[in-house]
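Engineer: Before I ask anything, here is the structure I am working with.
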Amino acid sequence: MGDNFQNKTMAAVMMDYDFKIKTQNERSKVEDLFDYEGCKVGRGTYGHVYKARRKDGSDTKDYALKQIEGTGLSMSACREIALLRELKHPNVINLIRVFLSHTDRKVWLLFDYAEHDLWHIIKFHRAAKANKKSVMVPKGMVKSLLYQILDGIHYLHSNWVLHRDLKPANILVMGEGPERGRVKIADMGFARLFNAPLKPLADLDPVVVTFWYRAPELLLGARHYTKAIDIWAIGCIFAELLTSEPIFHCRQEDIKTSNPYHHDQLDRIFNVMGFPLEKDWEDIRKMPEHATLVKDFKRSNYQNCSLSKYMDRHKIKPDSKAFSLLQRLLLMDPNKRITSEQAMQDPYFAEDPLPTQDVFAGCTIPYPKREFLTDDDQEDKSDSKARQNQQQQQPNTQQNQVQQNSHDHGANNAKRMRMTGPNQGNNTGGGQQEFHQQQQMMFGSQQQGGSSQQQGNYQQRF
Amino acid sequence: MAGNFWQSSHHQQWILDKQELRRDRQFDLNILSEEEYQKVFNFFASIIQVLGEQLKLRQQVIATATVYFKRFYARNSLKCIDPLLLAPTCVFLASKVEEFGVISNSRLITTCQTVIKNKFSYAYGQQEFPYRTNHILECEFYLLENLDCCLIVYQPYRPLLLFVQDIGQDDQLLTYAWRIVNDSLRTDVSLLYPPYQIAIGALQIACVMLGKDNLKPWFAELNVDMDKIQEIVRAIINLYEMWKSYDEKKEIQGLLSKMPKPKPAPQR
Ligand SMILES: Nc1ncnc2c1ncn2[C@@H]1O[C@H](COP(=O)(O)OP(=O)(O)OP(=O)(O)O)[C@@H](O)[C@H]1O
Ligand SMILES: [Mg+2]
């Protein structure tokens, strides 16, 4: 750089002054349009979420403003914007608008505000249970929740989008208003198109997933993400809704970050489900970590475990329709696990009470509204673990109740691990992959010297 | 988003009307003739192509970057942002959206420098690539705004593969049509027609080149607007005609200096 560089540089003006001024004047700033100061309601790994109102009073609705962590367009921000821009379904969170703040290079996403989420809802039930109180909710609420989750996921899956981070905190539920009691699947930052992986996902940003909702094949090193992995997570959420306990709860301390294989999590799954029989999951032998599994686990240790016993202990009868659907969602063999479409056809949903659009079915909503996080919580941003602890310990009566029930209150921000992620599945086959490499032009190469003929690699690749 | 072109932002917002497109380009077309305008785009599409190849991006990503580039200038004059800056910015953004993984800023700039120096000296002489990371990042925000955050672009490659499968796998036909689709990025067709129509247009041209008359019934059975297909075919054939008598190495410097350019802030 330096002087030498200056001399040889083209005297280029990157941007037209009038164009710049004109766009600047036309651009609306998030802080001009919305009030949100002091109204932070959520803090995740990838951003801060504020409850916001329009300043001009043109409507009095609540909005959620998500300020993406860091500056500029990270890859996950790009993906979140790219996908949400295209997706439109009543059970998928709706991206209303994107604000780009040029001065501090912050990216803001504007969403409809969802007053509740399944993490808070389940926590409320658990607290009540611990205090031997009961919560009045409509009989069909769990069914309605599950149905809408399946509906949203079916939409995503049929558009070749995988969620990959389904957990209670990412399932939002709308509060009072025109969409009362409607499920909104959120946090699509990691959703990826999976019909045409251009690059093995392991080479992209390290994957971050909560382990309690991870399918067994992932824990055994599966290299491909599939729809079945989302279905497993939905099964976990269903069980948690039925019992108020995370079904595959597991201590998170000694999770190895670089390895998908996680002994304790598998142990927990087997303790609930029993150890899989060869005939139930034939391809288990093909899993990358199968040898480790054989070495580390003894079938005889899980002789008396089964999902029906576990659920029975939690007062869900093995002959109920709910149990039978749960069992189909939580099949160990991913190939046997049902699809979202099949799940929506399950007799459970045809049985009384039928699922309702408003999951609260018009009843009073017993759950508290989101509380604002105080600035005290806003410490060292670089240490997300500390931040998460802080968030869990914010003083708030609901949470204090839950503290007694100490084993699982990390659920929301259950420690997120960086892992070498598996690839996406459903590859359309080698031929297509190859063809994506095809850069040769029909005539371009011969006709225009110098511009696009450096693709001599055509021959080798084709 | 493969299953859903009809609901996509591509279909709903970015299939432009020919007349409208011409109107929006009026400013530039007062300075450049239509043919000159196309030659300028052809040149920057080459820069995007070569940059993408140097960065080892797949054709799908390169195609998306090229469409971003065209979409930006469909709504803005060439003078608004220097295309030499917008081109690598499009590559940068497309690589993030298409899941290629983020290209490091320094690698992007270095690649721009070497590509301009080694492959495009016939256009830029001894001049170096003048931009740095901060320019790209600033430009990226403007690009995203002008794209109205529509980042998922459907390309003709997938429909092309499906059509060829339907015809009965014919590798030669596919190869030809694939290259013609690549060439089509140098025309306006990606702004004007849905990708499946472009794929059919490319197949038609490929059939003519290969003398495959036997596919006539296959085309006849397609339920598509054949007038549109003919427009696409014409646009691509026109490009080939233009290339026959065009020596970019001789003409491009003149075109680049004639092209409308950004004006700096008025001096006070
Ligand atoms: N539309 C919304 N309305 C109300 N609250 C929301 C909304 N979106 C997100 N939140 C709250 O903010 C939290 C963080 O949001 P989100 O999950 O989108 O961010 P994230 O950084 O990706 O989080 P994570 O750590 O789960 O990946 C959510 O758990 C939820 O409590
Ligand atoms: Mg979240």
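Quick reminder: no glycine exception, Cβ is built from N, Cα and C everywhere.
Per TrEMBL, ATP binding site is recorded for A:Lys66. Sequence annotations record features per position, and here TrEMBL assigns compositional bias 'Low complexity' to A:388-405, A:433-462. The domain 'Protein kinase' annotation in TrEMBL covers A:35-349. As annotated by TrEMBL, region 'Disordered' applies to A:374-462.
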Engineer: So what's the average pLDDT for the domain 'Protein kinase' (A:35-349)?
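Structural biologist: That stretch averages a pLDDT of 90.
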Engineer: Just to be sure I understand the packing, how many Cβ atoms besides its own are within 10 Å of the Cβ of the residue listed as 'ATP binding site'?
Structural biologist: 24
Engineer: Can you see whether DSSP assigns the residue listed as 'ATP binding site' to helix, strand or coil?
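Structural biologist: SS state of the residue listed as 'ATP binding site' = strand.
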